[in-house]
Every structure is written in structure tokens, then in C-alpha cells.
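Working notes, beginning with the structure itself.
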Amino acid sequence: MGSMDSSPVVHSQRSSTRDQVTTREWNDLPSELLPSIADRLGIIELLRFRGVCKDWNFASSTASAEIEALPNRDPWFLLYGENNNSQCTLVTESGQQYSITIPEMDGATCLASSQGWLLLYREGLIFFFCPFSRAQIDLPVPTKFPPMGISDHVAVFSTPPTSQDCVVCIICRTNKSDDLELYVIHRGATSWTKHKLNSFPNKIECAAYHNGVFYYFDNTDLMVCFSIKDRSISLGKVRYVKSPNERCIPLRFISNVEKEEMKKRLDLELGAISTCGTTVSCLNVDKMVPYENTANAKGGETRRPKGVWFQPRFHQIDKMLSW
């Protein structure tokens with residue numbers, strides 16, 4: 001577990017022209033101004049800022065690109081695994097596309113996305129990862145964990161992994177049966193606990209967390225609920241409220257209109273992409289973006305490109321932080 005000192009290399013995929021300007025030595029800038037400049041930058045600008053030199057990288061060690069962290073902002077999209085290497089395509093809220101090199105995404109599968117953190121599975125390891133700062137937090141590997149190539153895996157975590165009360169819950173289907181298995185781990189624990197739900201044939205499409213309970217929603221109106229306190233699994237039926245005054249879980253499914261608008265920004269054929277879902281933090285009601293096209297190719301290996309919707313954040317962590 002640790003945080004990488006280097007930032008991803010970002011290149012715009014759109015050409016631009018620049019007016020001729022007078023140049024000056026970068027080291028002429030007063031060092032005391034650099035942190036305040038870094039704090040005012042968006043994520044793309046911050047990555048470029050950090051790549052100028054070691055002094056600028058150090059000066060931005062506490063920057064978080066908070067300009068991108070405002071609520072009710074549409075998520076960005078990260079396309080990876082297209083050529084089985086570390087080259088990824090980043091699509092911003094406005095539709096601007098960038099080519100970005102992220103070695104940690106090579107051979108990885110994203111299981112969940114929330115608040116700028118990705119939960120990744122790669123070469124038998126499970127870890128949290130921030131694609132911009134390259135901060136990484138390793139988790140213990142579950143024993144007898146079903147291989148990613150032959151099972152449906154949907155995951156969610158309760159809070160950011162830097163929180164003391166973070167809990168991760170992964171649900172999967174084994175051996176193409178109707179049975180579901182849940183793997184749960186709390187921060188500070190050294191092993192996962194396993195729970196089983198028999199005879200649930202429906203496909204899980206969305207996942208979320210609220211008030212001590214993990215919710216997994218299928219492609220109808222059913223949901224699987226796991227209570228952290230009781231360590232119990234139950235089934236429920238989704239009931240849609242008509243008034244904000246009615247008691248309800250503060251979650252909503254992304255609408256078809258929103259989904260199509262998000263896809264239009266990408267200018268990509270999403271039907272050929274295995275997409276990880278995410279929970280988008282909003283002011284009042286968080287919205288859920290479903291998992292899509294997660295069927296695997298023959299032989300158990302996902303051969304199609306992968307993608308994940310995520311909220312842009314620049315998380316920096318203490319290198320001594322442990323799960």
C-alpha cells in the first residue's frame with residue numbers, strides 16, 4: 001500500500017494552436033506562490049503542473065483539485081484495457097478527451113467506483129486506486145475468491161478507504177449457478193467474511209450503500225440487502241416514492257435520458273465496452289449508474305475494452321496509511 005510520487009501523463013487528443021508568447025524561466029516564480037496556484041487548478045491542469053519539475057510537484061503535495069469535487073457534477077469516464085496496455089482514454093464532463101498513461105490499469109478490472117476511488121482487481125490482488133494521484137491502498141485477498149473471468153462481480157464500499165469505518169462488500173455468482181456469495185471486509189480486518197444467498201437468478205445491475213446497509217439491485221424491482229450490524233442478508237422490493245416528503249432511501253437510478261446524454265459525450269460505441277457502475281454523490285439524492293455489458297468472452301477472459309464512470313478527485317494519502 002502506498003502513494004506513487006509520479007502523476008499520470010496526460011495528452012489532449014485534440015489539436016490546438018497557441019499564440020506566440022514571451023517565455024521566462026519557470027524558476028523565477030516565487031516558491032511561496034506555487035501552493036496557492038496549485039490549489040486553484042482543476043485536475044488536468046494540476047497533473048500538468050505537477051509534471052513540470054520536482055519543485056512544482058512538491059509544492060502541489062497538498063492540492064486536491066477541489067474545483068472538480070463539487071456536488072451535482074456529471075461523472076467523467078475512463079476507457080481502459082483496449083489494447084491490453086496502460087494507455088487509457090479520459091473523457092471529461094464537457095466531452096474533452098485525453099490520452100492518459102496509467103500503468104495500474106493494465107490488466108485490471110474495476111469492481112466499483114465512488115467519490116473518486118476505484119476498487120480494482122488485478123493479477124489476483126484487490127486494491128483501492130485513485131487514477132489521478134495514483135494513490136493505492138491494498139486489501140487482503142479473499143480465500144477461494146471466484147475468478148473474475150467466470151463470475152459476475154458487483155462491489156460497493158460504504159465510505160472512502162481512508163475512513164476508519166470503511167466496509168467493502170463484493171457480491172458474485174459462482175459456477176454459473178443461481179446462488180450468490182457476498183464477501184465483506186472492514187477496515188482493520190485481515191480477512192473477509194463470506195455469506196451466501198441461495199436461488200437468486202436475476203442479474204445484479206446497481207449497488208449502493210446507505211445507513212449501515214448495502215443494497216444490490218437487479219434488472220427488475222428486486223434488491224438484495226446486507227446489514228453490516230446484523231451481518232444478515234435479506235430480499236426486498238424497490239418502491240418508488242412520488243413525493244420527496246415520503247420516507248425513503250436517498251438513492252435514485254440514473255434516467256435513460258441522463259444515460260444517453262452521458263454516452264453522447266463519449267463519442268464511443270459503448271455497446272462494445274464492459275462498463276463498471278458507480279454511485280454519483282449529489283446534494284440531496286445520490287444517483288446510481290448501472291453496470292453494463294459485463295458478459296465475458298468465451299474462455300473466461302474479457303476481450304472487450306472496459307470503462308468506468310467516476311467522479312474526478314485527486315486523493316493524496318500518507319504513505320504509511322494501512323488498511
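Start at 1 and count along the chain as shown; that gives each residue its number.
Each Cβ is built from the backbone N, Cα and C atoms, and glycine gets one as well.
TrEMBL labels come from automatic prediction, so no person has curated them.
Database features, via TrEMBL:
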type: COMPBIAS; residues: 1-20; note: compositional bias 'Polar residues'
type: REGION; residues: 1-23; note: region 'Disordered'
type: DOMAIN; residues: 23-57; note: domain 'F-box'
Report the DSSP secondary-structure composition of the domain 'F-box' (23-57) as helix, strand and coil residue counts.
23 helix, 0 strand, 12 coil
Taking only the residues in the domain 'F-box' (23-57), give me the average pLDDT of this model.
77
